[in-house]
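Peer 1: Got a structure for you, written out below as structure tokens; questions coming shortly.
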Amino acid sequence: MAVAPVQLWAVCVLRVALATVYFQEEFLDGERWRNRWVQSTNDSQFGHFRLSSGKFYGHKEKDKGLQTTQNGRFYAISARFKPFSNKGKTLVVQYTVKHEQKMDCGGGYVKIFPADVDQKNLNGKSQYYIMFGPDICGFDIKKVHVILHFKNQYHSNKKSIRCKVDGFTHLYALVLRPDLTYEVKIDGQSIESGDIEYDWNLTSLKKMEKSSAESKDWDQAKDDKSQDWEKHFLDASASKPSDWNSELDGDWQAPMLQKPPYQDGLKPEGIDKDVWLHQKLKNTHYLTEYDLSEFENIGAIGLELWQVRSGTIFDNFLITDDEEYAENFGKATWGETKGPEREMDAIQAKEEVKKAREEDEEELLMGRFGGHNKGFQRFHRRDEF
């Protein structure tokens, strides 16, 4: 019985060893993050990022991330990693985002880019593979974007996935599996899942491509068959001679006659398109040709978004092929600091209430003892601010 904990530990270590981590960023080395992340210079008006844990946090150092700093700006920054293909593998994109400023209108999503993305010129027109994360604007837009690039077009998930709208840090995770299923998680809980083919309205695209491929194969087979059909055909009117001896002469076959040239519009004898397609589909795997969630050259992650009011903090970025590793990473980062973060916010809220009450009492006393003008000036300045 005492061996069980050791065995469990060994399994956990093996699991971590099997996981492939393509990118992981926690910003634990201070300002060295600037050596890994490239700020786009495509527009001189792009907003800038700084490293910050915000006004309240669970751990001052562990909760530091990239924070937007300027109101009413576009932002564009990215980090590169060794290119890879997720073909035949699970792909997990995970990160935390904190709208400390209580977002009124702006993006909190990430984008996954091809390896050849021009980081210095990153902008809204830069091609990306995946766009994932929260987007908030007014009362109408409070959604989680899940956009995939397929057949040179961007396709959004047709389901409405609601995002978090408070000022706390939240963990967002997207899982794309090789069996063409997906899952969206917030704070470790599954909030949406399904089939990529149907939830992105990609079935029509698949049918169009499949129909085109089948037609090409059918035309080729028809040409091949018609070449033989053009040359000869069996004489159906012929009959076995009465003196034919099968033991001596072998099996009798009708003689072949020359066939007139094949004409367009005529179907070759002995082959039916529906039957042929059925046989063709039995020998090929069309589904594997439609890579709805497979990207051959993933090589960068970035933030390319707009914010009316700044203050959002992005942290704990992870790209891996292992769902369990991602889950454990989330627990070890966001899971450890989410509680203390809320506790600190509650303490600050109480302190603010206490301070406001003390200020009100002070102003009341000043009013009683002839400090009317002074109190009026204080209110006036606060309103102006």
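Any Cβ shown, glycine's included, is placed from N, Cα and C.
What TrEMBL lists as alpha-D-glucoside binding site is Y109, K111, Y128, D135, E304. What TrEMBL records for C105-C137 is disulfide bond. For 1-19, the entry in TrEMBL reads signal peptide.
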Peer 1: Return the residue, from the listed binding-site residues D135, E304, with the maximum count of other C-beta atoms within 10 angstroms of its C-beta.
Peer 2: E304
Peer 1: Would you measure the largest Cα separation among Y109, K111, Y128, D135, E304 for the alpha-D-glucoside site and round it to whole Å?
Peer 2: 17
Peer 1: If the alpha-D-glucoside site is taken as the center of the Cβ atoms of Y109, K111, Y128, D135, E304, which further residues of that chain fall within 8 Å of it by their Cβ?
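Peer 2: Output for this site, in sequence order: G107, V110, M131, F132, G133, H145, I147, G302, L303, L305.
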Peer 1: Return the residues near K111 (alpha-D-glucoside binding site), defined as same-chain residues 6+ apart in sequence whose C-beta is under 8 angstroms from its C-beta, sorted by sequence, else 'none'.
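Peer 2: Within the chain, K111 (alpha-D-glucoside binding site) has Cβ neighbours under 8 Å at Y128, I130, M131, F132, I301, G302, L303, E304.
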Peer 1: Can you tell me the CA-to-CA distance separating C137 (disulfide bond) and Y109 (alpha-D-glucoside binding site), as a whole number of Å?
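Peer 2: Cα to Cα, C137 (disulfide bond) and Y109 (alpha-D-glucoside binding site) are separated by 13 Å.
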Peer 1: Near C105 (disulfide bond), which residues of its chain come within a Cβ-Cβ distance under 8 Å, counting only those 6 or more away in sequence?
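Peer 2: Listed in sequence order: I136, C137, G138, Q307, V308, R309.
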Peer 1: Run through the Cβ atoms and count how many others sit within 10 Å of the one on Y109 (alpha-D-glucoside binding site).
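Peer 2: So the number of other Cβ atoms within 10 Å of Y109 (alpha-D-glucoside binding site) is 22.
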